[in-house]
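A.B. asks: Sharing the record's features from TrEMBL:
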type	residues	note
BINDING	68, 122, 123, 124, 163, 180, 181, 258, 259	substrate binding site
BINDING	135, 159, 160, 233, 258, 291	Fe cation binding site
Ligand SMILES: [Fe+2]
Ligand SMILES: [Fe+2]
């Protein structure tokens, strides 16, 4: 049996919040469509293990015209981002992290989590084009076919599991704090974030003397580990997996930054990076095509593939049950530039219940 991941109690009890999973996924698909990158061209096939940074080849013969065009997705996605860019503030970010830390956790195997996400999102529409489990397996299989490392295959398998967040009672407020491109809060909103700075004009932090000025509460080279990214499924899963698996830093970066398009695609926030982040950026860029472009692959045979991936899960999740809360305390101890801001941030932080699982 594969080891467990910890999720809020409601997950174990099967008492997820009733929400429209299909609507979330349709939106998520539209967001992906907007992020589709420039087409690639030729192909080769290999089963030999390759280096992490070798160019991806799995998608080179795909007809990129099958992907929905930016214009089609644009209207829906733009209104989604308007809401997200208005509500993702420093204050909300701290609140979400504290809510996450102080939630009661429950155990669930990684494979069970995949199946649960699949059911929650796809049961609402049996005609859905591609299920969650298929997207995850397609990403993982494309990585595997390209001969990439086993830990990266597993990363492909789990990278969107954080969407379970949407169904945990009281943890997510809506679609805007689950999906969509991510960006830092606490520093100036960069024009390279999708729809630019003007999309943030209704955000309470917009024009703020600290949070919307240059590097804000951060300093040059602080390192992205110390930067608060907007809250969503990426950030959530990163904190769940960190410390509970033997996945390397590159895998954690792929999970945490896979929606951080202003950084990995548009070159923003370079000043915040440290030496480690430069390596992590290469890793995230190596992963990105497997997320965006693998969706048009042949449908995977779930039950046939399951034993392989359960073995992979066992390899990198050595503990059968994992604790979430303790590893989270560090996020409050960030290296803020201004002691005034640090004091303010600390005052917003709820005490963590050490006994919570
Ligand atoms: Fe994702
Ligand atoms: Fe994905």
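Using N, Cα and C of the backbone, Cβ positions are placed for all residues, glycine too.
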A.B. asks: How long is the line from the C-alpha of residue 291 (Fe cation binding site) to the C-alpha of residue 181 (substrate binding site), rounded to the nearest angstrom?
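C.D. replies: Given the Cα positions, residue 291 (Fe cation binding site) is 13 Å from residue 181 (substrate binding site).
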A.B. asks: Anything from the binding-site residues 135, 160, 163, 181 with its Cβ under 6 A from ligand 1? List those in sequence order.
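C.D. replies: Checking each Cβ against ligand 1, the ones under 6 Å are 160.
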A.B. asks: Where does residue 291 (Fe cation binding site) sit in the DSSP three-state scheme?
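C.D. replies: In the DSSP reduction, residue 291 (Fe cation binding site) maps to helix.
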A.B. asks: What are the other residues, in sequence order, whose C-beta lies within 8 angstroms of the center of the C-beta atoms of 135, 159, 160, 233, 258, 291 at the Fe cation site?
C.D. replies: 136, 139, 162, 163, 234, 259
A.B. asks: Rounded to the nearest angstrom, how far is the Cα of residue 163 (substrate binding site) from the Cα of residue 233 (Fe cation binding site)?
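C.D. replies: The separation of the Cα atoms works out to 5 Å.
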A.B. asks: Identify which of the following binding-site residues, namely 163, 181, 233, place a Cβ less than 6 Å away from any atom of ligand 2, and list them by sequence position.
C.D. replies: none
A.B. asks: DSSP three-state call for residue 135 (Fe cation binding site): helix, strand or coil?
C.D. replies: helix
A.B. asks: DSSP three-state call for residue 259 (substrate binding site): helix, strand or coil?
C.D. replies: coil
A.B. asks: Please report the distance from the Cα of residue 181 (substrate binding site) to the Cα of residue 159 (Fe cation binding site), rounded to the nearest angstrom.
C.D. replies: 14
